[in-house]
């Protein structure tokens, strides 16, 4: 049973281990209870940095989590207050995000989607029975208990959850994540439990086709779509979805919350409770591919937001996220060939799934091509799709006609946005330094590589098998034993480089990397990876401080 203690020090009962995640005022670390050797995840909140309102939110989160005991909810086991810190001890869930697990499966069907939403609805029904509304149901908060096949889906993060009075509706403030907000919240009407069902409808839609029902780069237009309930079931991807699945989505995405299906009713829907006979068993490969792109886009947005926090630590007065379009970057003079494709009108030509492992070969005279805005053809989600908002002072809306891209992250002291000209020059600079880094890798030139990278470079890459790698030793092994010893030709193409300028001294670039190489049998091959790099400028010099790459383990393509 979860208990609150103010006299017992956390370290008396638990031993802390590695960091699992980090927020603005908190860090999550693995811990072990000394008396039982049971593993948990400890959310450690620095209460010295919290406002009075934040303290109230922390108390609310702990109070709510203590109520909830369900196999599909991440459980709170302990709540300990100390001088300056508060510790929330939760289940240690090791399976990662549900959506990431789905794209790694060899087989995924409508019946699997039904099983997923069944577990999500079980968790939602449980919290609603306890008069709790989550308010932030989204893929990032749907985790798997373990990496074992068939592991339970667990609902996490009750930081925005509220306590309600039965079915009573009230205005609890503007809170949630843009793509998952309900019409009543956007209208600033009284709301309650039905907002969670609306979010479940959005999640179910994504589970079936891999993209969301409402999406637009402009947050104002996105909100107009949601308030109008303007979604459809386009061909051909929806042609293979059963009518029963569409019926459940329609009942979840009903504009009028009073007529929206409840969690208990949804659990009794034939598509959920009789999935073995009602839901289709056909493998949905297109859904998996679309979902992989959707996941990559979510991760990019998360990386940008994290980098903004890091940038504010470097220079609190310079934290401004520039989200202007990258189309129109002109051809530059550099050591590599640069070819620009015509700009497409596609709003999400950002990332694409990896098809083959990274090649083992490098070249004596590598070439790098940069291609901007190549057509991708995948339906996209809003730029703000994974950014959680809470504003109980009723200031959550974007003013009429104003894009979400015009908004900035909160900061103690922000400077005016850089001019369009200087921003474009900065973006060209980031693309060029990224190109030089890739050339250093293709040349097997570790010395040049180290001059462009921060000594404490952190990275998530396939070769590290999902682990966070810090420092240069891991990369040095590949340079010494593989990259520098190969002489076969290689050509790298950087597709759709998207640069986000973060203040004066930080930037993030995301791109698709195509590598043409000759395999061991002398045949030409092409591999693909999606990569994100975070750059920080120190003493006038750009250094790569973080790197994230998709794909299967092979040779590193840092």
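Every residue, even glycine, has its Cβ placed from backbone N, Cα and C.
Just one residue in 81, 349, 411 has phosphoserine written against it in Swiss-Prot, and it is 349. Swiss-Prot lists 20, 21, 22, 23, 24, 25, 26, 27, 28 as binding ATP, and of 43, 48 the one it places in that same site is 43. When 109, 146, 311 are looked up in Swiss-Prot, the one carrying the note phosphoserine is 311; the rest have no such note there, which does not rule it out for them. Swiss-Prot assigns the feature region 'Disordered' to one of the listed ranges (174-203, 204-233, 234-263, 324-353), namely 324-353. Between 11, 37, 287, Swiss-Prot assigns phosphothreonine to 287; no such entry appears for the others, which is not proof they lack it. Checking 114, 123, 419, 423 against Swiss-Prot for the annotation phosphoserine singles out 419. Checking Swiss-Prot for region 'Autoinhibitory domain' across the ranges 163-172, 273-282, 283-292 points to 283-292. A Cβ distance under 8 Å defines the sequence-distant neighbours of the region 'Autoinhibitory domain' (283-292), meaning residues of its chain 6+ beyond its ends; these are 99, 102-103, 105, 107-110, 206-211, 237, 240, 353, 378-379. Every protein chain considered, the tally of other Cβ atoms within 10 Å of the Cβ of residue 287 (phosphothreonine) stands at 26.
Helix first, then strand, then coil: DSSP counts for the region 'Autoinhibitory domain' (283-292) stand at 8 helix, 1 strand, 1 coil. Across the structure, residue 24 (ATP binding site) and residue 136 (active site, proton acceptor) place their CA atoms 18 angstrom apart. The ATP site is set by 20, 21, 22, 23, 24, 25, 26, 27, 28, 43; from the centre of their CB atoms, other residues of the chain with a CB within 8 Å are 44, 45.
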